[in-house]
Structure formats: C-alpha cells, structure tokens
Amino acid sequence: MAGPSKGASISWRATAATDPGGARLVLWWALAMAIVALLRIGAAPLFDVDEGAFSEATREMLASGDWGHTTLNGEPRFDKPILIYWLQAASVAVFGLGELALRLPSALATWGWALALVLFAWPRWGAAAAVAAGSVLGTSVGVLLIGRAATADAVLNLWLTLAALDLWRHLEGEGDRGALRRAALWIGLGVLTKGPVAIIVPGAAWLLWTLCAGRAAWLARARALLGDAPAWVILLLVALPWYVYALDRHGMAFIDGFFVRHNLQRYGGTLEGHGGSIGYYALMMPLLLMPWSVLLLPVLAGWRRWWAEPAARFLLLWAGFVLVFFSLSGTKLPHYALYGISPLALLAGRCCSELTGRADRRVLKAALGLCVMLLPLLAVLATAIVLRSLDGVKDALYRALIGQPADLTGLWIAAVAAAGLSLVLAGPPVWRRTGGARSATPDLVRIGLAAAAGALVLTGVLAPWWGQQLQGPVRAAGQRARIELAAPDTPARATLVQWGLHLPSVAVYARREAPRRAPRPGDLALLRSDQLQALTTTLAADPASRRAADVPADRPVWTSLHSAGGLTLIRWHGVPAAP
C-alpha cells in the first residue's frame, strides 16, 4: 500500500509565496468567516443546562479567586478539566461578565478550526478546495451551533483537528519532528480541555493509518513516535500538572467524578438519559453537516479513490473511527459526531471544488444550491411547526416557555431575504455552468457567500429568537433577583434558590449562587408557576421553612416578585410558626 512521499511535509507558507491569487482568496475567506463566527454571539441569553453550568462555574471561579478548582452553586464540579474555565475567565476579565465574553473562546476556536482545514488543504489540493472545505465546516449547522455555545466542545474540536492534521504532517514528512511536537502540544491542550478523548481520536487515526501501511511501516513510525522525548515532555508538561494538583486536592472524589462518572460511565452506560440506537451518529453526521450534506454522496461514492491517496485515506480512517467508536458508546450526544466532521469537510471541499468543471455534476451542484437556499426557510418553518405542536412537548416548563406569545414575522423576512440572495448567488446560472477549472473559484465563492447568508440568519436571527423564547424569562428572573438581593431591606443571609428546577444560568444573571433546595425565610426562590401551591404544601411541615415567632401571623407565606414564561420568582417569608 502506498505511503506518503518522502521529504518534508507540505507547507502552506511555501504555497502562499508561489500562489498570490490563492493567498488573496484565503485572506478574504478568513475575514468573511470571522464575521460569520463572531457576529451577534452575545445576542441570545445563555442556554441551560450546559451553557449555564459552564458560565456559572467560571463566574464562581472568578468570584472565589481559586483558579485551580471549579464549583457549581458551591459544590465541586468535576465534569470537565480546567482549561475552558480559564479561557472564559480571561475573556470575562477583559470584556466583563456577559454572553459575549463567555462565548468568545468558542467563537474564536471555531474560526481557528475552519482556518486549520484551509491551511491544510491549500498546499495539497489548491485554494479553491481549501476555501470550500473551510466553508463547509464553518457554515454547517452543527459547527455554527457549537461555535456559539459557552461550553468546551468548540475548543476541544480545534485541538483535535490541529493534532490530527499535524500527526498526518509527521507521517507525510517521514519524521517531521516539528509537526509531531506541535501535535503533542495540541493533544496536551485537548486533555486539559476535555480529557482522554483528546488522545483517543487523533491517536486512533494515526494508529489505523500506520497499521494499514504494513507491519514494517508501522514499526518504523511507532519507534519515531515513541522515541521522540521532546514530544512526550511537551505533552506531559501541558496536561499533567493540573491533573496532579486536582488529584492531590480532591483524591478519590476527583477520580470518581471525572474519570469514572464522566468518562468510563459515560461511554459504558447511558448517562443522564442521553441514549440512542447504534445508527444514531450515521443519521446525526449528515444533519450536523447541513446544508452541505449532499456532498457526502460523492465523498462516499468515491471511497476507492480516496483510499488510494494516503492523505485522503487518513481522513477516511479518522471519520470512520469516530463514527464506529461513538456509535458503540452508551451515552450519545449530537456534538460527539463533530469529532469526525473535519475529515468529512476536507473531502467534501475537494468534491465541491470539482463540481463546476464537469457537466455530469450539474445535478449535484443544483442540489447543493437548493440545500443552501432552502435551509433558513426550513429552519423557520420548523420553528412555526413546533409552536403549533405544544401538545407534543412533555416538559411542563418548556411547554410554557414555547407557548409564550411569539411573532415570526422578522424570522420569515430574514429567511426569505437570505433565500433570495442565495437564488441570485447560487441559482440556476451557476448550476448550468459547465466551464473548466477557470470557472470553479467564482462559482465556489458564490455558493459560499450564499451559505454564509443562510448561516447569519440561523445564528444572528433565529438563535437569538429562540434564546429569548426559552431563556428570556430565566435571564429576567435572575436580573430581578440580583436587584432584590442587593436591596437594603434584604437580610444578608438571604439566598437565591431553585425549587424543582435546574437552570444554572439564573445564577450567572443574579451574580449569586443558586443552589437547588427548599427556601428558608428571607430567601428568594425560583420555581415553576404551577408549583407554588405544591411548594407551600410541601414545606408546611418543614421546621426550617417556618417564620420566626415574632413575625405577624397574617403575613403571606410568600410574595411574588416576577413571573413570566411559566416561571415565578418569589420571596419566601415562611409558613406560620406552630402555636
């Protein structure tokens, strides 16, 4: 089986010096993608549970000054390692506590993630294929969503992609030590971001490729990898110190909470109800790749061609491992599929760059143009259908939130405008064009601009609309709680609590911890509006919830402070003292 050519790995810097036209295209693409990644990232409230939990843990770390440990509502949080909290905290220190600062690390990581694909593909397949690959990744639904989430996943995907691509550069250059040591750095940062998965994914891609290359090649490359002491020193110096500190500080609680529960049990069982069938990710990958999913057809159809090319074979093995490995996991979450989206985007970019040069690809090109054009319209249509299907929403709180008065006029206007622009940019004139390679780049630019327009509707208009619908009442309750807790007549011991809820973002907006427990006299409590009577009944026999004997008996048990979207914020005065 053919291996990579001998010599140094291919450099994008050398390509830029000999391809000024391609350099200009890549530069303009990078600027456009920065707009897509960053525009209105702070427009939507934080989404619970994940964004709220990460953000509140970061806020508590800043408030406590303890940068080696994270808590959520005062309790140790072992879900993820420390790096994402450091990045969010640094952003908050510069821009202030808010949605923009908390999401900025993810947005910048997404931009860097797409740029990494472009710089990898450019010297190998040309600027058109490189920009197409970056556009496929940067404007796909899954990446757009995760790139605007204040969580660890976008940052992790940046490290995974950089590590895997540099491992290939090491293989391609037959001993490029610089690439191997960079890969060690990226893996170390990935381990510090989310844990062992940062070793497993790029390591498996490397291992599978070398095994396919034959026993002699595998032994030679294994010796080169295992024998590079500086690479191992880099990896251990980056990843190990914080783990040693956490183990020394927390002992078995850290091992049980992080390694056992959030790694072994997450893979071996269904954690927090997130299960799925064996085919879950085979369906999820095309959905996350929308509107570019149609390009998976030529990618899959041409697998023999890809297998014959060493670099493309590496990408196939990378994507295939992610699909198989996570399909066998007991816990299934959509964003796990993104660990294998980069190699698919690279192969899709190659296919996309070839669409304009062959008459027999006109049907596929038309299908791609239609998908790009219709995606924002279908997204708004799905929103309208959800709003008319409240009976199918089982959760009482979300049924109340979704059921709030809603105006879709602005969404429809934005979606129709984006579809119209897409029709102009990527409509029938582009579908019918059958010119040679000289027409490829202009057509790709048009399709890419159309996809960017649709992406801006999804992230700049639709996501903030849903954020206000689902999380606006939570943000408003937290902001009101902040005012009430700062009032002069509020007891110093008063706390904001959640009763029957798990909405961590309310603590971010209140700038206070919001533990999940029953309220005590003087506390503020956030609960579902339909649970007010249940709260009073439940706490009637709880001595801790009774008011002091000197409080007038005719004082109400609670006072409503704010109510919206099925949520009510109250001040709990306590049930009357026992006679």
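Heads up, the Cβ atoms here are built off N, Cα and C, so glycines get one too.
Checking TrEMBL for transmembrane segment across the ranges 128-147, 248-267 points to 128-147. When Cβ distances are compared across the two stretches, the transmembrane segment (278-300) makes no contact with the transmembrane segment (224-244), since fewer than 3 pairs at least 6 residues apart fall below 8 angstroms. Contact between the transmembrane segment (128-147) and the transmembrane segment (443-466) is present: at least three CB pairs lie under 8 Å, with pairs separated by 6 or more positions in sequence. Looking at which of 105-122, 312-330, 336-355, 443-466 has the most CB pairs under 8 Å to the transmembrane segment (183-212), the answer is the stretch 312-330. Beyond the transmembrane segment (312-330), the same-chain residues lying 6 or more positions past its ends with a Cβ under 8 Å from any Cβ of the stretch are 164, 168, 171, 200-202, 204-205, 208-209, 212, 266-271, 275, 278-282, 285, 303, 305-306, 336-337, 339-344, 346-347, 350. Counting only same-chain residues 6+ beyond the ends of the transmembrane segment (367-390), those with a CB under 8 A from a CB of the stretch are 141, 290-295, 352, 355, 399, 402-403, 406, 408, 411-412, 414-416, 418-419, 422-423, 426-427, 430-431, 447, 450-451, 454, 457-458, 462, 465-466. Cβ atoms under 8 Å from those of the transmembrane segment (443-466) belong to residues 25, 29, 32-33, 35-36, 39-41, 43-44, 128, 131-132, 135, 138-139, 141, 144-145, 148, 291-292, 352-353, 355-356, 365, 368-369, 372-373, 375-376, 379-380, 383, 410-411, 414-415, 417-419, 421-422, 425-426, 430, 433 of the same chain, restricted to positions at least 6 beyond its ends. Taken together, the residues in the domain 'Glycosyltransferase RgtA/B/C/D-like' (79-230) have a mean pLDDT of 93 on the 0 to 100 scale.
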